[in-house]
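Read the structure below first, then the notes.
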Amino acid sequence: MEDYIVRATAKEGTIRALAAITTNMVKEAQKVHGLSPLATVALGRTMTAAAMMSTTLKEENAVITLQIKGDGPIGGIVVVVDSSANVKGYVHNPLVYLPLNSQGKYDVAGAVGNGYLNVIKDLGLREPYVGHVDLVSGEIAEDITYYYAYSEQVPTATALGVLTNATEIVVSAGGFILQLMPGADDDTISFIENKISSIPPVSTLLAQNKSPEDILEMLLSEKDMKIIGKSPCRYLCNCSRERMERNIMTLGKEEIMGMINENHGAEAHCHFCNKKYWFSEEDLLRLVKIIESQKS
């Protein structure tokens, strides 16, 4: 099944719903970074959340960055998504390992630890919007839910899942986000809470070949659900030699000259796809000349 996101509404527009399958995306991240199963689950949940959150982006060049920083052994998680749901991400410690938690599941909360979540929305304006919340669990889904409630004042329910098999290969990944819009009553809140608690984990449903549409149907069929859109999502890094050149130039002339004198060149490494770019002395001298011309 291809990766995609479904958008829906229910109960006369008072419920906004998103559901996604992201299995291929998470498999690609696992392959690109050589992730341990625990790191795969942690990054996969975060990428799935970001993919669904990208559906709110209207501007073509807009991006959302999720930064999770904790005191656990994974160190941190960074995910970036654009308005086309092209997702890229990495964890600081890709080989993190912990014993299973008391429920027999990967201990994402233990790997993340105590810390914070930043949601940075760059909409092409003068300054990006930055939402900052403390982590409430480190399990990712609960932290996304808390972010929406605290920073955007939108009551939200979030479910995120990554399922691996005995050989530590990703079997399924995906999630859903349900949000209450103005006009939703207490009965609607109770209905959603009961529905969510009554269905299996989202990764289990996807492994059973349930589609995102099927999952939303299970949750909202009694509330006149309407599918309003479907769009692809994928793991894609947009790094390039030109982008790396711009990054090097931000270091300034003195630091670039130091690279030339000490190493006779420089290697730039993309954290999102692990691609490496080599810049020779001649390349760096050319960048220095560009910097000098910009100052004159």
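Cβ atoms here come from the backbone N, Cα and C positions, even for glycine.
Noted from Swiss-Prot: C273 is disulfide-bonded to C270, selected from C233, C270. C273 (disulfide bond): 18 other CB atoms within 10 A of its CB, across all protein chains.
When secondary structure is read from DSSP and collapsed to three states, C270 (disulfide bond) falls in the coil class.
Calculated from their C-alpha atoms, the gap between C273 (disulfide bond) and C237 (disulfide bond) amounts to 6 Å. Calculated from their C-alpha atoms, the gap between C270 (disulfide bond) and C237 (disulfide bond) amounts to 9 Å. Using a 10 Å Cβ-Cβ cutoff, C237 (disulfide bond) registers 19 neighbours.
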